[in-house]
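Feature annotations, reproduced from Swiss-Prot:
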type	residues	note
TRANSMEM	26-46	transmembrane segment
TRANSMEM	86-106	transmembrane segment
TRANSMEM	130-150	transmembrane segment
TRANSMEM	204-226	transmembrane segment
TRANSMEM	240-260	transmembrane segment
Amino acid sequence: MFGQTTSEYISHHLSFLKTGDGFWNVHIDTLFFSILAAVIFLFVFSRVGKKATTGVPGKMQCLVEIVVEWVNGIVKENFHGPRNVVAPLALTIFCWVFIMNAIDLIPVDFLPQFAGLFGIHYLRAVPTADISATLGMSICVFFLILFYTIKSKGFKGLVKEYTLHPFNHWAFIPVNFILETVTLLAKPISLAFRLFGNMYAGELIFILIAVMYSANMAIAALGIPLHLAWAIFHILVITLQAFIFMMLTVVYLSIAYNKADH
């Protein structure tokens, strides 16, 4: 942070590489790293799938099989319907979100300084610390909830669910509609803000620890064990947040698909 004040350093690290202005601006760094995370996921799983053997599996094959079986077990336990779409979706969500979260473990100055060599002045590498990304994923979950509700109950059932529940009387239709709509919208919004809030806080703590390195020797020396301790703890955070996002998605789809719900 040479030549920068603490506030300038923090502001610089929290600024996106973007194009456009206002609502229509596009965060190029978020798009790039989210796509990169997806490519890494697809590459690893496709490579393991092509090299899979019925003999003694390698370490990577064992890891992939453990993750696949674990996710499939969660879906089987919580989603009581056809799992041919939901299980791969849950696996994709967990692995993709985990990889995006894991980018936060890279030292905060490394990628921005590397990008600076190419004339890129701003770069935020953690897609899940961008509310635009988490809201985008949550909106997809929102439409999947509607899709599975219509698939299991039909469009008529969807209308009944949002007009005759929880009070099964025509006089309460406006109240029911407001209550059910708020409940429905709260699902993707809470899903997005939970992931964003945790990852943004984690990123900010890494930045604040990095600020310590520019202070006197005593404070800088304290920053090293703090950085290591937070990085170790953050491994739990990034894994837990990926699991929560996946788990809540499966639960929401299960509730939407449950024919006996109403």
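The backbone N, Cα and C atoms fix where each Cβ goes, and this holds for glycine too.
Here the transmembrane segment (86-106) has long-range neighbours at 33-34, 37-38, 40-41, 45, 67-68, 71-72, 74-76, 79, 125-129, 133, 137, 144, 195, 199, 202-203, 206, 231, 234-235, 237-239, 241-243, 245-246, 249-250, 253, meaning same-chain residues at least 6 beyond its ends whose C-beta is under 8 angstroms from one of its own.
Counting same-chain residues at least six beyond the ends of the transmembrane segment (26-46), those with a Cβ under 8 angstroms from any Cβ of the stretch are 16-20, 60, 64, 92, 95-96, 99-100, 103, 122-127, 130, 132-133. Distant neighbours of the transmembrane segment (204-226): 1, 6, 9-10, 13-14, 104, 107-109, 234; these residues of the same chain sit at least 6 beyond its ends, with a Cβ under 8 Å from one of its Cβ atoms.
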